[in-house]
Amino acid sequence: MLLLPLLLLAGRFPGGDNEDALQGPTSYHVMQISSFTNSTWTENRGSGWLEDLQIHRWDSETGTAIFLKPWSKGNLSDEEITELVELFRVYFFGLVRELRDHVTEFQMK
């Protein structure tokens, strides 16, 4: 989702190291690890990777995204970033609720 704004940003400022930015496919990956320590405590960790460079991470304690590079927000406004962070919060909350509702089916205790 953030890949397109990053590529557009690179395209707007050609020259230097940015010349090759649009020449080949670029991958953006999101990794998530959820730890269910007991029936009441869950920790979610996440990271966003542009090729082999980590540009985001998820802070489970504060429930927000940490941007590791000054340019990693792309061309998104603060309002759009807030909406994306809220979307991830809802996702993590829903995932935890669904897994807890079906814990007996997964044979986890």
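In case you wondered, yes, glycine gets a Cβ from its N, Cα and C as well.
Annotation comment: Swiss-Prot describes 1-18 as signal peptide.
When secondary structure is read from DSSP and collapsed to three states, Asn38 (N-linked glycosylation site) falls in the coil class. The N-linked glycosylation site feature in Swiss-Prot is assigned to Asn38 (among others).
For Asn75 (N-linked glycosylation site), other Cβ atoms within 10 Å of its Cβ number 13. Per Swiss-Prot, N-linked glycosylation site is recorded for Asn75 (among others).
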